[in-house]
Amino acid sequence: MKNTCGILLNLFLFIGCFLTCSASNTPKVQVHSGEIAGGFEYTYNGRKIYSFLGIPYASPPVQNNRFKEPQPVQPWLGVWNATVPGSACLGIEFGSGSKIIGQEDCLFLNVYTPKLPQENSAGDLMNVIVHIHGGGYYFGEGILYGPHYLLDNNDFVYVSINYRLGVLGFASTGDGVLPGNNGLKDQVAALKWIQQNIVAFGGDPNSVTITGMSAGASSVHNHLISPMSKGLFNRAIIQSGSAFCHWSTAENVAQKTKYIANLLGCPTNNSVEIVECLRSRPAKAIAKSYLNFMPWRNFPFTPFGPTVEVAGYEKFLPDIPEKLVPHDIPVLISIAQDEGLIFSTFLGLENGFNELNNNWNEHLPHILDYNYTISNENLRFKTAQDIKEFYFGDKPISKETKSNLSKMISDRSFGYGTSKAAQHIAAKNTAPVYFYEFGYSGNYSYVAFFDPKSYSRGSSPTHGDETNYVLKVDGFTVYDNEEDRKMIKTMVNIWATFIKSGVPDTENSEIWLPVSKNPADLFRFTKITQQQTFEAREQSTMAIMNFGVAYHYQNILNLMCQMT
């Protein structure tokens, strides 16, 4: 009996000690709105880092806050549990077609840090990097991208954020009642939160780099030109997209918002009544209404997205992006060798090539997003035929011409807008702008992920692939491959040196030539090859990455627009 009691006593003492020790080891941080308790994670090579997940940076955008600019976060009592991610914002699950996921209460961010201030005897603050997720402004969430490669050997504080998506994030009545761009204003609120609170995690608010891919890249570029974002960051990394890409600025958003109001049984003649009525409708019904503007296979990319604000007290986009002056900070811009490959791959699934071939005139204006730009049906069809002749000649759309389809999408959707953004920023700024083309194709590929049968190493890197070698993307298997590990190290070095100094890869600075400040000069960029070499290149904009094709295509559109 005594032995049994002794064993039980020791067991209770062990449990008590375990619970006490666990509680004492819980990382805690005090921010302006309250205390936060986080957890631990491990980087790619096993470094222990702190993680604080699901931190609210604004009040929930629900009920009367729906369709409002982000409201200040309210202080909480007790300790906020930051060991689990906050909900994604309501959006469409990528690849599902029509499934709505997430919650309306979604304005959360995640912070990762290798050390807290009390562990830093020198008191040095760390560089901060903020990642803005992509997803066409209608899907995605911050937690999908982790710093598990980036923080292996670098002392950075990493932040990822959620922001409102689709109709809930980008609806507009075209006036001061609902000016639009609330999703981007959410991002501004997150950047302001970082300025106020990041020191508590060991981060330096005066050394913030923002980065994003695709719609995240468009977001970063928009912050670079928005007066609302000035002074909130110090460097920018823009991957595979820009505010100059056609899909980055949504068209006819006010008319689309009225359409949704009518669809959900709301008035359509008065902006106040539209907004008040839509606030009473189920959030998921509003989110799902987005699909009415994607008539074929989730095209066009962004029916609801950034829009020029014609009214409002403080405008995020007071004019079209091309007319706004960028903030004078270092910028690193990149593009993948075959941006359009992932999209042509999706289009080829489930008999898509035949559907596109048989309905080219109807589908192409949505794929390339000029259905609203050219309102005249005959001119839209003529444009479709001109583009088909230019890219395909007399060949049908098929597996054999998949590369032609990829090139067409690359030129229109990414090549033209991204190169013009680099030239525009360089011409306006004194700070350097660097541009590179990512040409490495390994196992970390979106084509390999979604259609492994069509993929082979060394083929072509596509939209978003390079991000997989800097950030750990949720759902991707970590391959134990020597070449891919080497590329991870290479890409992390490019980012890390730029984050620290504003210059990428400082050991090879002679290869990284800034984009010329004179748009008439040769376009300077660095090519990262399949062999993982770096090549400094200077070419005419008409030649680089088929930009000549892009200009030809753009001229077709410009001509058609002038005729309408």
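Note: Cβ is positioned from N, Cα and C throughout, glycine not excepted.
Per Swiss-Prot, the features are as follows:
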ACT_SITE  Ser214  active site, acyl-ester intermediate
ACT_SITE  Glu339  active site, charge relay system
ACT_SITE  His463  active site, charge relay system
DISULFID  Cys89-Cys106  disulfide bond
DISULFID  Cys266-Cys277  disulfide bond
CARBOHYD  Asn81  N-linked glycosylation site
CARBOHYD  Asn269  N-linked glycosylation site
CARBOHYD  Asn371  N-linked glycosylation site
CARBOHYD  Asn404  N-linked glycosylation site
CARBOHYD  Asn443  N-linked glycosylation site
SIGNAL    1-23  signal peptide
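Positions of the features from Swiss-Prot, shown on the structure.
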residue: Asn81; record: N-linked glycosylation site; DSSP (3 states): strand
residue: Cys89; record: disulfide bond; DSSP (3 states): strand
residue: Cys106; record: disulfide bond; DSSP (3 states): coil
residue: Ser214; record: active site, acyl-ester intermediate; DSSP (3 states): coil
residue: Cys266; record: disulfide bond; DSSP (3 states): coil
residue: Cys277; record: disulfide bond; DSSP (3 states): helix
residue: Glu339; record: active site, charge relay system; DSSP (3 states): coil
residue: Asn404; record: N-linked glycosylation site; DSSP (3 states): helix
residue: His463; record: active site, charge relay system; DSSP (3 states): coil
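Its Cβ taken as reference, Asn443 (N-linked glycosylation site) is surrounded by 18 other Cβ atoms within 10 Å in the chains shown. A gap of 21 Å separates the Cα atoms of Asn404 (N-linked glycosylation site) and Ser214 (active site, acyl-ester intermediate). Of all the disulfide-bonded residues listed (Cys89, Cys106, Cys266, Cys277), Cys89 sits in the most crowded Cβ setting, with the most other Cβ atoms within 10 Å. Comparing the glycosylation sites Asn81, Asn269, Asn404 by how many other C-beta atoms lie within 10 angstroms of each C-beta, the top residue is Asn404. Geometry remark: His463 (active site, charge relay system) versus Asn81 (N-linked glycosylation site), CA distance 35 Å. Counting Cβ atoms from all protein chains shown, Ser214 (active site, acyl-ester intermediate) has 27 others lying within 10 Å of its own Cβ. Glu339 (active site, charge relay system) and Asn371 (N-linked glycosylation site) are 22 Å apart (CA-CA, integer value). Cys266 (disulfide bond) sits 23 Å from Cys89 (disulfide bond), counting Cα to Cα. The recorded positions shown are Asn81, Cys106, Ser214, Glu339, Asn443; of these, the one with its CA atom nearest the CA of Cys277 (disulfide bond) is Cys106. Taken residue by residue with DSSP, Asn443 (N-linked glycosylation site) is part of neither helix nor strand, so it is coil. If you compare Cα positions, Asn443 (N-linked glycosylation site) sits closest to Ser214 out of the recorded positions Cys89, Ser214, Asn269.
Checking each of the recorded positions Cys89, Cys106, Ser214, Asn269, Glu339 against Asn81 (N-linked glycosylation site) by C-alpha distance, the shortest gap belongs to Cys106.
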